[in-house]
Amino acid sequence: MSSGYKPGKKRKVQPVQPIKKELVDFYGCQIPKEYEPYLQRTNVSLIIKKGFINGMKNDAEMFCNDDLFELLMNELLNEQPGASFSSCVRQTANVATLPGVIKSLAMPDAHSGYGFSIGGVAAMRLDDPNAVICPGGVGFDINCGVRLLRTNLDDKDIEPHLVELADALQKNIPSGVGTTSNQTLTEKEMNEIMNEGLEWLVKKDLAWKEDLVYCEENGRIINSDPHLVSQKARGRGRNQLGTLGSGNHYLEIQRVDEIMDMEAAKQMGISHIGQICIMIHCGSRGLGHQVCQDFVDLCVNQSNKNEVDIQLTGVPFQSDNGQKYFKAMNAAANYAFANRGMISYHVRCTFEQVFKKSPKDLDMHLVYDVCHNIAKEEIHLIDGNEIKCIVHRKGATRAFAPLNPVIPDAYKPIGQPAIIGGSMGTCSYMLVGTQEGMKKTFGSTCHGAGRKISRVKAMKDISSNSVVEEMKKKGIELRITDPKLAAEEADGAYKDVKEVVETCQSAGISKIVFKLKPLIVVKG
């Protein structure tokens, strides 16, 4: 670019003179003329052609409908040198320059993040010894994920207890920035949790054995090494097990609002409109954040920094440091599985307290638990050959096709469930993976609505009081630790989740099964 800066490189913001560029119309949007030869619009995506960024190994692809496409183009048009993050389009192209990359992708909910966009997917082929693993391609909240529990309650059963249940959930499940639980784990317990994940809770009778079956990786990633997790990271996680955190993390009590695929829904134990479910969205808390920070520092301080974007600096997967990060990341991921499991324990106990029935009698079974910030070793069919890859999913959900051997037997006929949370006060969705998704996205789909504006802009433009009042008008019981921050998570700060999941379905990468509507929202 004419300014001479390196796109995406994090640096101190300096005053810059606006750069005047010749603009052209591109499918109803204005873009700099220099980009036009490298962009191609399809009915479900934007193709970023090799050459948009110097060093791209191949084309990149961003899934979008017309409205989401317009957001991407406006962001690209208005990106400024000196910003902390590049535009989502540029970030997706930047990832296509990484060593060993097969393809860089962005899901419809994608928005700018550290290194990879949030919503980014990339697979690196492991028959290339230089193939990298990139902390910026996983994110700071390692194994941020979401789980759904079902019940045999209906909305009419829960309506008289909404206030009582909302108050009890807020009391029993700590939430908010830096929140701690009433339990401080010993060093031995920390090691066990980071090694065993959800299995540790099962041994302690804090989770059901069947929960393991309905959790991605059975709630435990085997190739982990807790001893690679720093004391600083351990200190941050020691008293946070069973806590929700802040930001877009939440616990929601939801009703089934619409069923699009009854056969698939029944396989998940969802039988009718009005059925009550519980959705939990959180990750590895401060422990995972510190693990990421430790290895970002290690990568950035090495001599071979990424020349396109320093935030994409990684290490060869097969190197000593690559394996250290991978195993420490997996240890943090196991902590996250246990964290969601511990919150589920408190949810089950709270329902028992309010409804005077045991969780078993209330049919509080786990439907599924998915990761959406993780890097995994997987085998994918590339140009007719089975290739072992390291697949980065950052703000993206694994959604494997029917009959895949790693998904539970009950779901083999329908494909892996993918749980998609909406913005605060809007609907959420259950999707399943498809064969087309295996071909197009390495078996990946979206993870949520995706931010439309930053938290800072949301706080400036949206009134938190109006958000709280709007939730009341919708009949939603909101429990938020700091109501002043409600604007950060306002519906207007996010894309339309309906458009996101429908775009995924139109692209053939996942299929919508049912929709959920919130009745209670608990946030930090």
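For all residues, glycine too, the Cβ spot is worked out from N, Cα and C.
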If Swiss-Prot says Asp141, Cys144 bind Mn(2+) 1, which of His227, His249, His272, His346 does it name for the same site?
-> His249
Same Mn(2+) 2 site as Cys144, His281 according to Swiss-Prot: which of His111, His365, His372?
-> His372
Spatial hits near Leu251 (GMP binding site) (Cα distance within 10 Å) out of the recorded positions Asp141, Cys144, His372, His447 come to none
Extra residues within 8 Å (Cβ to Cβ centroid of Asp141, Cys144, His249), Mn(2+) 1 | Gly145, Gly245, Gly247, Asn248, His281, Cys282, Gly283, Ser284, Asn373
Residues near His249 (Mn(2+) 1 binding site) by Cβ (under 8 Å) yet at least 6 apart in sequence within the same chain, in sequence order, are Cys144, Ser175, His281, Cys282, Gly283, Lys523, Gly524
Environment of Cys144, His281, His372, the listed Mn(2+) 2 site - residues of the same chain whose CB lies within 8 A of the CB centroid = Asp141, Asn143, Gly145, Val146, His249, Cys282, Gly283, Val370, Cys371, Asn373, Gly395, Gly421, His447, Gly448
Other Cβ atoms within 10 Å is the metric here; tell me which of the binding-site residues Cys144, Leu251 scores highest.
-> Cys144
